[in-house]
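Listed in Swiss-Prot for this protein:
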| type | residues | note |
| --- | --- | --- |
| BINDING | Gly671, Pro672, Val673, Gly674, Ser675, Gly676, Lys677, Ser678 | ATP 1 binding site |
| BINDING | Gly1334, Arg1335, Thr1336, Gly1337, Ala1338, Gly1339, Lys1340, Ser1341 | ATP 2 binding site |
| DOMAIN | 322-605 | domain 'ABC transmembrane type-1 1' |
| DOMAIN | 637-861 | domain 'ABC transporter 1' |
| DOMAIN | 979-1264 | domain 'ABC transmembrane type-1 2' |
| DOMAIN | 1300-1534 | domain 'ABC transporter 2' |
| TOPO_DOM | 49-68 | topological domain 'Cytoplasmic' |
| TOPO_DOM | 115-126 | topological domain 'Cytoplasmic' |
| TOPO_DOM | 187-313 | topological domain 'Cytoplasmic' |
| TOPO_DOM | 382-437 | topological domain 'Cytoplasmic' |
| TOPO_DOM | 483-544 | topological domain 'Cytoplasmic' |
| TOPO_DOM | 609-971 | topological domain 'Cytoplasmic' |
| TOPO_DOM | 1055-1097 | topological domain 'Cytoplasmic' |
| TOPO_DOM | 1141-1211 | topological domain 'Cytoplasmic' |
| TOPO_DOM | 1256-1545 | topological domain 'Cytoplasmic' |
| TRANSMEM | 69-89 | transmembrane segment |
| TRANSMEM | 94-114 | transmembrane segment |
| TRANSMEM | 127-147 | transmembrane segment |
| TRANSMEM | 361-381 | transmembrane segment |
| TRANSMEM | 462-482 | transmembrane segment |
| TRANSMEM | 545-565 | transmembrane segment |
| TRANSMEM | 588-608 | transmembrane segment |
| TRANSMEM | 972-992 | transmembrane segment |
| TRANSMEM | 1034-1054 | transmembrane segment |
| TRANSMEM | 1098-1118 | transmembrane segment |
| TRANSMEM | 1120-1140 | transmembrane segment |
| TRANSMEM | 1212-1232 | transmembrane segment |
Amino acid sequence: MLEKFCNSTFWNSSFLDSPEADLPLCFEQTVLVWIPLGYLWLLAPWQLLHVYKSRTKRSSTTKLYLAKQVFVGFLLILAAIELALVLTEDSGQATVPAVRYTNPSLYLGTWLLVLLIQYSRQWCVQKNSWFLSLFWILSILCGTFQFQTLIRTLLQGDNSNLAYSCLFFISYGFQILILIFSAFSENNESSNNPSSIASFLSSITYSWYDSIILKGYKRPLTLEDVWEVDEEMKTKTLVSKFETHMKRELQKARRALQRRQEKSSQQNSGARLPGLNKNQSQSQDALVLEDVEKKKKKSGTKKDVPKSWLMKALFKTFYMVLLKSFLLKLVNDIFTFVSPQLLKLLISFASDRDTYLWIGYLCAILLFTAALIQSFCLQCYFQLCFKLGVKVRTAIMASVYKKALTLSNLARKEYTVGETVNLMSVDAQKLMDVTNFMHMLWSSVLQIVLSIFFLWRELGPSVLAGVGVMVLVIPINAILSTKSKTIQVKNMKNKDKRLKIMNEILSGIKILKYFAWEPSFRDQVQNLRKKELKNLLAFSQLQCVVIFVFQLTPVLVSVVTFSVYVLVDSNNILDAQKAFTSITLFNILRFPLSMLPMMISSMLQASVSTERLEKYLGGDDLDTSAIRHDCNFDKAMQFSEASFTWEHDSEATVRDVNLDIMAGQLVAVIGPVGSGKSSLISAMLGEMENVHGHITIKGTTAYVPQQSWIQNGTIKDNILFGTEFNEKRYQQVLEACALLPDLEMLPGGDLAEIGEKGINLSGGQKQRISLARATYQNLDIYLLDDPLSAVDAHVGKHIFNKVLGPNGLLKGKTRLLVTHSMHFLPQVDEIVVLGNGTIVEKGSYSALLAKKGEFAKNLKTFLRHTGPEEEATVHDGSEEEDDDYGLISSVEEIPEDAASITMRRENSFRRTLSRSSRSNGRHLKSLRNSLKTRNVNSLKEDEELVKGQKLIKKEFIETGKVKFSIYLEYLQAIGLFSIFFIILAFVMNSVAFIGSNLWLSAWTSDSKIFNSTDYPASQRDMRVGVYGALGLAQGIFVFIAHFWSAFGFVHASNILHKQLLNNILRAPMRFFDTTPTGRIVNRFAGDISTVDDTLPQSLRSWITCFLGIISTLVMICMATPVFTIIVIPLGIIYVSVQMFYVSTSRQLRRLDSVTRSPIYSHFSETVSGLPVIRAFEHQQRFLKHNEVRIDTNQKCVFSWITSNRWLAIRLELVGNLTVFFSALMMVIYRDTLSGDTVGFVLSNALNITQTLNWLVRMTSEIETNIVAVERITEYTKVENEAPWVTDKRPPPDWPSKGKIQFNNYQVRYRPELDLVLRGITCDIGSMEKIGVVGRTGAGKSSLTNCLFRILEAAGGQIIIDGVDIASIGLHDLREKLTIIPQDPILFSGSLRMNLDPFNNYSDEEIWKALELAHLKSFVASLQLGLSHEVTEAGGNLSIGQRQLLCLGRALLRKSKILVLDEATAAVDLETDNLIQTTIQNEFAHCTVITIAHRLHTIMDSDKVMVLDNGKIIECGSPEELLQIPGPFYFMAKEAGIENVNSTKF
């Protein structure tokens, strides 16, 4: 039929059976024309429908678009001309075949359709159509056959169809031009990402990414260089899609759970399921409280959670991406098995000299084409999968964050902040990782089945022997993996312990330096590190066995298979076709067999993460239904029979509260510890579980928590808290909250970076910023949970007057104030006394006193136990009937000019205190003006900060290539001798690899010499034996290389860790002041972990890949020396691609790390401050911040993923060209090459693509991971403090007297800063008791630090008992002094270790010290006594007990000099008295220097030293100084000590 249609032969095999084969013209004009046209017409409706549904606006007409339309217009004209020519010919005598009418007519319709599609896509602002690009490629490929046929015809002198041929050539040229234009992208200024407008060819080759690669090569990339992600990748878009499915699937899972529970309940004879309450949502069963074990014992059951819904939700969200990637992977897998078949044809071609040459060329072209299609499909598949992984991670991270904002307290109690952060980081990452390779599950099975099928065709049943070996290896690997996992778990525990100690060391480094305890703690860390390295070595040695088995498996498989094949039947002779085709198939089989168990393991790990995420995301939300907001309510707040609890099964914490609070009232809530004061506020915020009753609130709420929550940012940002800046209001708030003097001190003022959790601020400063934040918001109701607890009494008074009180900024607002301060109660409108969660009393101050109930009783007790500062203000009511009056006056009476006192006490105590009111007024005015200027010119101010004024130094991030010296340093740590033997073993492995391939080639050549009947058994056995021996040699040399390297790498890890630890412990204190602890811990955690695990693996892989590529190229060049000419340009391309990629990839990895940390920090910060965020209703703002952070990280991750694809496609092209040119050489030189040589060369060439790719990745990995060594080295070069011990040592009994002399002593914190002590000169006699006082920043603590040489002298000297302390070792000095610091820092370990880490004292001495420290009875009551374990930072002891333990340390050391650095500032009155009494008795014969916080603690001193601005401005006995109206006199007066002359303490 088609022959009539064409009027010529449609098909005849004889056309191909000739040296110059060709296809029949009819076939070319029908089938090869209709294939591309059919593709276009079939898919065009779908394409146009997609365009029709698109809502994108029309774009402007571009030159590129016009050019393509014009060229298609020319094609249309050419088709019309051809049709006209046909009609002209047909009018003559000759009969024109139907095909000559049909084709131009079809083309006319097709070009019109193309014009329509191009126009519609331009109208929709779509990128160039991949659909049209594929059509042009298909049309050009199909047209190639007709093109060469017409050329041949013309060359043969047949010009009968000259006009038609010319039209075809012109049309063909225009199609090529259109395809070239299609490779370019339309300019679209609205797009932030070129990938969204990239053409089809640009997309599959990733050439749109060239500009980033070029930029990254020229200079280090910055965040601004990296493009934003598409809208479809944005967090907001992904979460919106995912949440829709998540809610639906979660509801289904909850209903299914409810049905199961109901069914179970019915089966249990209607027994009620514990934990299930009709008033609760079913997801409540997902909750497990902290005391779950106790409740399990009670109920004997475990609560269920909705399960198996997360994966369904993810699948429904991203199923289209999964479908696309599935199709691409399927095509890739099919084409994987094309290469071995083409290899077989090429070997056959080389073996048979009679085969036509064109068959060889066709096979070479098909081999290249198959490899190219495989590469494009594989890289597109990976791009889709990795993008999907990022999308899944983003959706999970954003959902976990959003859930954290709504999760109930009951559900939240299960998770620490760290565990919740882990859900975002670790669990989301595991789901991302498994998503990247999830198709490998079915793909591995498919590849295994197809491999065995094709192997069976080559070798028959013999293949089962090889497969059997592979199957046997799987359980061996499983056993080895299990053992490896056990070692890893053990090692992780050791690592956790080491990092825990390191964290404690760094947190308490000052204590370690004060007590010279560094060696003891260094030894603890080193001992744990030894265990860690021992496990690491054991793990590495086990990995050597794993690698040995892995290396030996393919050799063993091929040896066993080939041996069985030649042994089972004497007719079976191994020829080149069978051997090398089988080797290629075995190489394909290796990958899925190794990947399948890994994938199953990864899936199991991911399932654990899925369960954890399901439990968290399926947890109950906060139920705020009991909190009713009514804007028309007549009261500000009303509690109606309100009872609330923290846990469902526990008793109510707030019970049956009935309370009305009117608008504008100031209500104080008081009561003993545990009475429910904070719980009352939490109930109002909706943070507790409602038992019954409700709370009605009118208006918006602000909340100041007891433990202040500060964000990592500037002070100004913390106060504004996302609201608009109002200069006037802002200044009022700063002054009212007593923050102006603090801002004067802080570098940068209100623009000062205050660090994570307000690390650079005192507790009082943090509390005042927290209060300022609430005050600035100007809301209706203020819930204040003991905001004055962390501030000085006088600062508290100032804040009460200026902010909280009747005349404060918040007057007219409704205020609920929880407080322990009795002084302010007379000024409140109403007092609510709580006891055991209920209201015991309520009423006005005078009314409650008149009742003489619980409140009046507590007030009397308070006044009896108040310190001297308060006692001095008590009205002397001697008569019984004056009791109530005395109570009132004693609380109401306050010192004059509270604002002045506050400012002087906190920051601005000047020598001219006699003119305090006037001077302070002027000072505050100037300070306000300066702050106003600072706010207006904030940017300028920030830029002009004095050098050295930054509190925390920004972490230095290396850019560009890592210096060679870093590599050299690491190699020296491994050991040059070890490196030599490691490389030698790897080289010998490569030699054995080349030898085994050459031997196999020789073995297959036997088939030409011998036939099946006369093949000698001895020859056969020798071939099998030597081949097996060479394979075994490969395994042995790899084992030796890995085994030796294990020792070398562990040795390097040990050296680097030891250097880092020693140097950090010897670093001066200023290093720790300017470097966040987390940054140092990261060196001991992340960087050491990289040096332990990742870097060694990368180095081994790099050496293996490098030698593998060299081996392959050597073998190819040995077979065909002319191939060397091809290797050189390919090598240049390869090296160039590598250089460009590594520079970019390295910086993108750094950017990924830099942008990932803020996500987790922000999340951790959010979880810590949830009640505040929810109270201010700022959830949406924080969600937006989270989205911005995730998107910032996403663009770095996406860019890094794309850089990998950019690299892979180019390397695979180099690899494919290597295979193509190898095949081409085999065809060209087939007369000089045998089939076994061809098989030998091509089977190795087929492996080179993957190895080339892996080598560049390993190069990049090494460059990325060597940064860890760079970072460690940076800290090993930190300047050290003075030597611990020197040759000049003091006498053993030094100091015997305790006499201290300061001679013009000067000191500064850092070289670039001003002096903090300016010429201190004084003599402290033996056994003198010295009190040191002064304002904040006067230099009191600096004086202490100088004694211990924490700060080194900038001038002058300190002499103790005749010895200049600068002339002796630090430990010789510090071991002879004792300090009781302000913060009682303990370390995890036994009580004994905390008292005596060096075991220098006997048990009797320690018990004696504990007795004197008033701790003996407490320690004796403990089950383990001195061995009792102290938790991290002493968390299981009270602050008082911790401070008494510090006293115990001091008592043990029996030093002649004792320093008390505000040691009782943070303890209660009882503990304070205990410490003071013990010091007076036990250190009577010592020199005692007390840095005073409470003046009464130094009133019995021999001398008082008053410091200001780093100088001694007064010095003398307390009695003398109180006679003179000087600084000390005014300080005593401010403290409320009125009768200064007669006061005796």
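Cβ coordinates come from backbone N, Cα and C, glycine included.
Feature map: Swiss-Prot annotations on the structure.
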residue	record	DSSP (3 states)
Gly671	ATP 1 binding site	coil
Lys677	ATP 1 binding site	helix
Gly1334	ATP 2 binding site	strand
Gly1339	ATP 2 binding site	coil
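Mean predicted confidence for the topological domain 'Cytoplasmic' (1256-1545): the pLDDT average there is 82.
Around Gly1339 (ATP 2 binding site), the C-beta neighbours below 8 angstroms that are at least 6 residues distant in the chain are Val1316, Leu1317, Leu1507, Asn1509, Gly1510, Lys1511. Counting only same-chain residues 6+ beyond the ends of the topological domain 'Cytoplasmic' (1055-1097), those with a CB under 8 A from a CB of the stretch are 495, 498-499, 502-503, 505-507, 509-510, 512-513, 518, 521-522, 525-526, 529, 536, 540, 755-756, 759, 950-953, 955, 970, 973, 1045-1046, 1049, 1261-1262, 1265-1266, 1268-1269, 1271-1272, 1275-1281, 1284, 1309-1310, 1345, 1350-1352. Listed in sequence order, Val1332, Val1333, Gly1334, Ile1491, Leu1507 are the same-chain residues six or more apart from Lys1340 (ATP 2 binding site) with CB atoms under 8 A from its CB. For the binding-site residues Pro672, Ser675, Ser678, a Cα-Cα cutoff of 10 angstroms around Arg1335 (ATP 2 binding site) retains nothing. Counting same-chain residues at least six beyond the ends of the transmembrane segment (127-147), those with a Cβ under 8 angstroms from any Cβ of the stretch are 23, 25, 28-29, 32-33, 35-36, 39-40, 43, 47, 114, 117-118, 121, 168-169, 172, 175-176, 178-179, 182, 184-186, 196-201, 203. Distance from the CA of Ala1338 (ATP 2 binding site) to the CA of Gly676 (ATP 1 binding site) is 41 Å. Of all the binding-site residues listed here (Lys677, Arg1335), the one with the fewest other CB atoms within 10 A of its own CB is Arg1335. Residue counts of the topological domain 'Cytoplasmic' (1055-1097) by helix, strand and coil are 38 helix, 0 strand, 5 coil (DSSP-based).
A separation of roughly 38 Å, to the nearest angstrom, links the Cα atoms of Ser675 (ATP 1 binding site) and Ser1341 (ATP 2 binding site). Remark: the transmembrane segment (462-482) makes no contact with the transmembrane segment (94-114), by the rule of 3 or more CB pairs under 8 A. Of all the Cβ atoms in the protein chains shown, 13 others lie within 10 Å of the Cβ of Pro672 (ATP 1 binding site). Beyond the ends of the transmembrane segment (1034-1054), by six or more residues, the same chain brings 529, 533, 536-537, 540-541, 543-545, 547-548, 551-552, 555, 970, 973-975, 978-979, 981-982, 985-986, 988-989, 992-993, 996, 1088, 1091-1092, 1095-1096, 1099-1100, 1103 to within a C-beta distance below 8 angstroms of the stretch. The DSSP breakdown of the topological domain 'Cytoplasmic' (483-544) into helical (H, G, I), extended (E, B) and coil residues amounts to 59 helix, 0 strand, 3 coil. Listed as Cβ neighbours of the transmembrane segment (588-608) (distance under 8 Å, sequence separation of 6 or more from its ends, same chain) are residues 336-337, 340, 430-431, 433-434, 437-438, 440-441, 443-445, 447-448, 451-452, 455, 470, 474, 477-478, 481, 550, 553-554. Taking a C-beta cut-off of under 8 Å and a sequence gap of six or more, Gly671 (ATP 1 binding site) has these contacts in its own chain: Lys677, Val833, Leu834, Gly835, Val840. Taken residue by residue, the topological domain 'Cytoplasmic' (1141-1211) breaks down under DSSP into 67 helix, 0 strand, 4 coil. Residues near Ser1341 (ATP 2 binding site) in space but far in sequence (CB under 8 A, at least 6 apart, same chain), listed by position: Asp1461, Ile1491. A straight line from the CA of Pro672 (ATP 1 binding site) to the CA of Ala1338 (ATP 2 binding site) spans 37 Å. Non-local neighbours of the transmembrane segment (545-565) in the same chain are 455, 459-460, 462-463, 465-470, 473, 476-477, 480-481, 484, 572, 574, 578-579, 582-583, 586-587, 590, 594, 996, 1024, 1027-1028, 1030-1032, 1034-1036, 1038-1039, 1042; each lies 6+ residues outside the stretch with a CB under 8 Å from one of its CB atoms. Listed as Cβ neighbours of the transmembrane segment (1098-1118) (distance under 8 Å, sequence separation of 6 or more from its ends, same chain) are residues 982-983, 986-987, 989-990, 993-994, 997-998, 1041-1042, 1045, 1049, 1124, 1127, 1218, 1222, 1240-1241, 1244-1245, 1247-1248, 1251-1252, 1254-1255, 1258-1259, 1261-1262, 1265. DSSP assignment over the topological domain 'Cytoplasmic' (382-437) gives 49 helix, 1 strand, 6 coil. Taking a C-beta cut-off of under 8 Å and a sequence gap of six or more, Ser678 (ATP 1 binding site) has these contacts in its own chain: Gln706, Asp785, Asp786, Val818.
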